[in-house]
Amino acid sequence: MASHPAHRSSKAADEELPKASSTFHPSLWGSFFLTYQPPTAPQRANMKERAEVLRERVRKVLKGSTTDQLPETVNLILTLQRLGLGYYYENEIDKLLHQIYSNSDYNVKDLNLVSQRFYLLRKNGYDVPSDVFLSFKTEEGGFACAAADTRSLLSLYNAAYLRKHGEEVLDEAISSTRLRLQDLLGRLLPESPFAKEVSSSLRTPLFRRVGILEARNYIPIYETEATRNEAVLELAKLNFNLQQLDFCEELKHCSAWWNEMIAKSKLTFVRDRIVEEYFWMNGACYDPPYSLSRIILTKITGLITIIDDMFDTHGTTEDCMKFAEAFGRWDESAIHLLPEYMKDFYILMLETFQSFEDALGPEKSYRVLYLKQAMERLVELYSKEIKWRDDDYVPTMSEHLQVSAETIATIALTCSAYAGMGDMSIRKETFEWALSFPQFIRTFGSFVRLSNDVVSTKREQTKDHSPSTVHCYMKEHGTTMDDACEKIKELIEDSWKDMLEQSLALKGLPKVVPQLVFDFSRTTDNMYRDRDALTSSEALKEMIQLLFVEPIPE
């Protein structure tokens, strides 16, 4: 939930509600995705048939890989994961990862191999030590890497971002290699594939990139590599284009749901961002089996946007408290508690949750109960933030994050994603773990909250808003806004280290659980890096076109 404007009377709110808000620009997409027409059934069937043939051909290559050819095997796994194909080969990759982890007999003087091995293992949950890089340090504090060995330099830079607290060798690797890569970039042809790789890494390290966007951007680069595998390349193109068809159908469904929601509820003041919300949530659950997760996530995000804008911008304290009371009842009879403008929305919200139960079927519909609990907690904490607003109370940073790390909807979103997964390893214990708000999800929540606040505070300070974490830090430590923002950027960076440490320590949970949280972190970083792209969504237009509009030429 964003920061709040000052408390308004019911009369003022009633005067505003029929009007569309001038605060938010209209949708950039209109009815574009509502008019989507899929390819004919034979066309799609042919694409799927060819993709299946290629998948098995690539599987044979993967099964033939051994740790005796470690550089080739590590590079193949990294390539498949970057191209968005790793999902199809989880068993084969897991087996190879275990062998790579267990086999310490490799060339520890090959900086590129050491970096790629470290990156691959840590990214996939193996807590390998970082002291393998100590032997590459020079007396001057840099890292021994020949000027011509630019690939090793880039691999080291990307590997170092999988760092934990106290790993000075990785901190030094980042600062040292960043300078060398920046210098190198100035000497490369701007349009060369390697220049694009370096530029992308300096902007966003490989570990922090949104997986589906990385696949879309990397496929054309992989196509230029002399060592490319033609079957892998063709499969990557086909797989992305097939996924794009699924994404467009899901977007059409979600857009129709949203338009009906707004038309029937008459809540014209809310942000019209259903395409951007789908793009955001897609970044967390882009693998083929997670269609229902993407749909549930997008609808939940849409509902949260409406509730947030009611609490944030248009609702009086009295109206919001009535909504909070009705919300926890989950029954149409509660509409008598609500003001007129909230009643239709409340009914439509109940219908949406019922549609989730119907889609999940009798074996998994219990998951919606946990999702409802998460949403109840969210609305309850929104009410606490309203009290802070009305009392003009400025909490400490710590106190603020105790609440706001949850009101950024971390529990609701993780439960939404888990709810839609067909994976039977997602059980009641998974939801109970998430609802307990464990430290791993709390850290993720702090990361999202701080990322949001650091880009939205300057915009919101022009209005009568209650304090964000930036303002809390300014008051608590007596700093300027610029200094507070710099400190919060440091805390955001620390959150990545915290999440990595905490994920490596997790036991007894399905592998997809921490993977999802990291994918949420990546897609959130993409939304809030340097700007609030949900509110000002022009920044996302090119990326949305790449993912949902433009197929890759085959």
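Using N, Cα and C of the backbone, Cβ positions are placed for all residues, glycine too.
Your range for motif 'DDXXD motif', going by Swiss-Prot and the list 108-112, 203-207, 213-217, 308-312, is 308-312. For the motif 'DDXXD motif' (308-312), the DSSP counts in helix, strand and coil order read 5 helix, 0 strand, 0 coil. If you average pLDDT over the motif 'DDXXD motif' (308-312) in this model, you get 88. The distance from the Cα of ARG449 (substrate binding site) to the Cα of ASP312 (Mg(2+) 2 binding site) comes to 16 Å.
Packing around ASP312 (Mg(2+) 2 binding site) is summarised by its Cβ count: 22 other Cβ atoms lie within 10 angstroms of its Cβ, all protein chains included. Counting every protein chain shown, the Cβ of ASN452 (substrate binding site) has 23 other Cβ atoms within 10 Å. The maximal spread of the substrate binding site, taken as the longest Cα to Cα distance among ASP308, ASP312, ARG449, ASN452, is 16 Å. Neighbour density for ARG449 (substrate binding site): within 10 A of its CB lie 25 other CB atoms from the protein chains shown. Its Cβ taken as reference, SER456 (Mg(2+) 3 binding site) is surrounded by 21 other Cβ atoms within 10 Å in the chains shown.
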